[in-house]
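The next block holds one structure in the form of structure tokens; read it before the comments.
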């Protein structure tokens, strides 16, 4: 039973360390979530329970995986930003992506009953994940802006679509045709004029997604001598704010570790790298 | 909310397609399972419930992920072999590893109560995974032999260790010292002479691990006209047999698609690739 | 002048070792050779001097770079096959490709005057190179067949084109139009009926390219005692033969180290890996 | 002669595009230059002809390969910096490294007689090359500082060694022992006290290496109307200056395109990525 005779097969494992000095983003996407959400009765266009469950899973990842400085989630996807100096798993791509994805998936099933107490899971939901390196803070911010813009665009569309269907009694096909080729202004107008809905007043979590950050909080404690006091502690906080503009970053300079202003958004455009 | 201004960030995603024509192995490992198994009261040296749970999860993966032709599990690890011609996710490494790992992890939590009905999960267990390319069937078989030899070596050691502790009343430190430097023959002898245990008679699932393969089974059905009949169906079957020798492969020539004999084990040694 | 303060930059070098157990092919292509060949007065459609110069350079590579078992050249390209077990430079891709390419380029300039004694080089010619891994002998042979079929197709076309222009006095544009959409049979017929040229009788080096292999040769030597004798020595030999069919490989079983017949050409088709 | 049957082998070529947004450095090293320089009678410790030949080759590369903004050479190595936005060959690593290396090698042989008119080349010299991505300007500068510090350290050592041997008549072995464990100050002192050599007065090209940059120059021309005039033109200029300090970069802000001060040298240390 000579193990050593076979150990040469280890040499076929290839080194997959991600470039040092870059921000690492791990993005998870639900696999087959169209079917999964139908089968488990998710509310359309947004199911608050499902969003909160995803946030709970992301918080688990933030607390377990060192150097996750921020996470951003919308719909059935979540992006985790690891510090550019992270030494997590020696920056090995497979270790990082699979661990994050595994933890999120296991938490999704474990915490499911807390958010869907009436709905038993019919099969194990799954996610895929990828890692991307971003060399500068400007490009990292553009990545997050891309996801938040995506959240907005999809949510505005879905809100119109499902309002037409649910409140307007329109068949799905017709709703689709109604919306084809419309701009944001048209969609806002449609919601307001036909249904009295002011899109800007819808819950921010639907319009902005969720951003998780580490923040110091004060926890009331009782000292040994019996007095009330406050203890400072790091905790994960969920925000439903704009992260495209500068304000969010300006208020949290420790996130990117930059003390000089960044160039304007989109200026580090890599379109030169588009395949020819 | 111009999404297009930010879309250039997609170009930072790098192509990670695995070499065509190679067997793909995805190996999962439990993360921090030493602590996890203690906390959840796993029986030592082997917990049959945990092994059967892992087998259940692996079956889920086999049925969900196309082109998984075989899986081999032992302890808290599982290897999945994808056909050398698989086009799963365009052979993109991240998609493959994270999907397999996610599905296994979600299944582990979902099916946990079936195998540990008395033991609530205290936190989400997680796994990591990696993919490795093996260019020839000989090297693939050597990979699987490496894992089964590993199973044997670890199990023999663990069986001795826990027998000394549990039945011999020996402190763990002393059991460790007793076994240091011993060979397989010594360990077999120790089990037999001191505890009357014939290692070869222990359950094969502990000694050989579990091999999952697709097999045709006959299912009894009742025909529309009310008669009993047998229907043939593909099903995943769990085996606890030797996969190092030729017999297993000889009996299933469709697995490797080889009709010519392979060179002897260990002959495709790549030790030349050892880092200098 | 503390060097160590800066040495961390070495960690940005990424591991690029090629998968063990695979055949490695390094293919060089002339860069801008259309212009280069015009400027240096290459004969059209084939310049024997240029082909012989390339063969001389390839021989230099074969003799300098260990484990090059075969090379195949046509037009301004050359492919080098390294043994699947090669440990050259620890199989690091950059080291292998740049060394082969550098050596070939330097040799091209150094030996240029031997083949073009009347034509001074006007600027340094350059080549690019890439490495590709081929997991099986069948796929490696299909690679070489691909290049030799390419040689044939291009040479037949070019022979027709330049015969129409040079012997037929046809403007280049018209020659191009004449050949558009024609099949091999048409081109053979055109050469024969209009110019009395039997394509099959043209020099094999033009039709088949050049294959370099190691062969044992006998060298006449004089022994210390003054007698004539033959000494066996390995030498690079240039062949202009068919390498698509089985005969070439059957006659040299040591090249691929296979003693069992290979599956038919094209059967290890990886078209499943075509990008979606 | 169906080429298409074989074309599937192209799918085995793997995508090797370098991460967008990063500075690219291509570093060439002479292969076996210890032997090469001995055989071709290079002066020790520095051969000015060889350095100037290398500079001539690097200039060829700068002029031929787009987006090379700077090059730094010392001894038998040369580093080329490509702009972080370069789209050269779609940023494909193999194309970039082999083209640069091929061009340099061909130029080395072609221009050899200009610098070594009395010394025929005995065999084709060769180089290898690698590409490295640097995500920030600070790290790029640290890379260049690393090379220039290396130049200084090696040159000081070699100057001492060869002075002891050539002027001091010391056997090489003894010179080596004399220098073992000495610091820079010791070596400066040795040169000055024993041989009257002030190291700082040696030619800067030996102590600092050569930095090539693009600069605008004014060329005297004669206008069509016969008057003398100056025309501005971009040209490659060779400098033998310090590039570790800020002055060089401060004077040429266009090189890095930075208008904000960089963090201090060595601060983006990636030592966290050291293999465990």
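Residue numbering: from 1, along the chain as shown.
Positions of Cβ are set from backbone N, Cα and C atoms, glycine also.
Of all Cβ atoms in the shown protein chains, 20 besides its own fall within 10 Å of the Cβ of residue B:76 (Mg(2+) 1 binding site). Marked as Mg(2+) 1 binding site by TrEMBL: B:29, B:30, B:76.
Counting only same-chain residues six or more apart in sequence, the Cβ atoms lying under 8 angstroms from the Cβ of residue B:29 (Mg(2+) 1 binding site) belong to B:76, B:77, B:127, B:128, B:129. In the three-state DSSP assignment, the secondary structure recorded for residue B:29 (Mg(2+) 1 binding site) is strand. The Mg(2+) 2 binding site annotation in TrEMBL covers B:29, B:76.
Within the same chain, the residues at least 6 positions away from residue B:31 (GTP binding site) whose Cβ sits under 8 Å from its Cβ are B:125, B:126, B:127, B:128, listed in sequence order. According to TrEMBL, the feature GTP binding site maps to B:29, B:30, B:31, B:32, B:33, B:34, B:75, B:76.
According to TrEMBL, the feature domain 'tRNAHis guanylyltransferase catalytic' maps to B:6-135. Within the model, the domain 'tRNAHis guanylyltransferase catalytic' (B:6-135) carries an average pLDDT of 97.
Taken from TrEMBL, the feature domain 'Thg1 C-terminal' applies to B:139-244.
Residue B:34 (GTP binding site) is surrounded by 10 other CB atoms, counting those within 10 A of its CB over all protein chains shown. Listed in chain order, the extra residues whose Cβ falls within 8 Å of the Cβ center of the Mg(2+) 1 site residues B:29, B:30, B:76 are B:28, B:31, B:33, B:75, B:77, B:127. Look at the binding-site residues B:30, B:32 and count other Cβ atoms within 10 Å of each Cβ; B:32 has the fewest. Cβ environment of residue B:33 (GTP binding site): B:76, B:125 lie under 8 Å away, each six or more residues apart in the same chain. For the pair residue B:75 (GTP binding site) and residue B:30 (Mg(2+) 1 binding site), the C-alpha distance works out to 9 angstrom. Listed binding-site residues: B:31, B:32, B:34. Those with a CB under 8 Å from a CB in chain A, in sequence order: B:31. Cβ contacts within 10 Å of residue B:75 (GTP binding site), excluding its own Cβ and spanning all protein chains shown: 22.
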